[in-house]
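Remarks on the structure that follows.
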Amino acid sequence: MSRELIVSKIRSGTVIDHIPAGRALAVLRILGITGKEGVRIALVMNVESKKLGKKDIIKIEDRELTPEEVNIISAVAPTATINIIEDFRVVRKFKVTPPEVIRGKFKCRNPTCITNAPREPVEPTFYLVRREPPLFICAYCGRYHELSDLI
């Protein structure tokens, strides 16, 4: 394996590393990143990793994620590591943790849940009931959701 950089370093922003292979697009989706924001975004998928075998990496230039955004990433990428970059250096590094509450990011998979009724302005809300592996429960219908249900 070569030690050359696949994607250049960023001056400032956020690097999301150790994303399970194939989940980077789901991370971008839950963060609401479309590519039209006007900031440079680098996406590398299926690169070799000692810890995961294969992994994805996302670099977002000139944007630091909020704590809420960081923790929501754990719903689709529980092994992710967040690196905050300033002046080409990592100034903070931490792992994501599942949030206690998720509001409005995912749809309940129960077709009869009130959050799926077209005339009901109810925001889907999920509560964390287990951290490892993450398990959430819908606040309205009580249906349990694992990661594969929410992605």
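Backbone N, Cα and C atoms are what each Cβ position is placed from, and that goes for glycine too.
Quick look at what Swiss-Prot annotates:
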- C108, C113, C138, C141: Zn(2+) binding site (BINDING)
Tell me, how many other CB atoms lie within 10 A of the CB of C108 (Zn(2+) binding site), whichever protein chain they belong to? 25
In the structure shown, which of the binding-site residues C113, C138, C141 has the fewest Cβ neighbours within 10 Å? C141
Within 8 Å of the Cβ centre of C108, C113, C138, C141, which other residues of the chain have their Cβ, at the recorded Zn(2+) site? R109, N110, I114, T115, N116, P124, A139, Y140, G142, R143
Coarse DSSP state, helix versus strand versus coil, of C141 (Zn(2+) binding site): coil
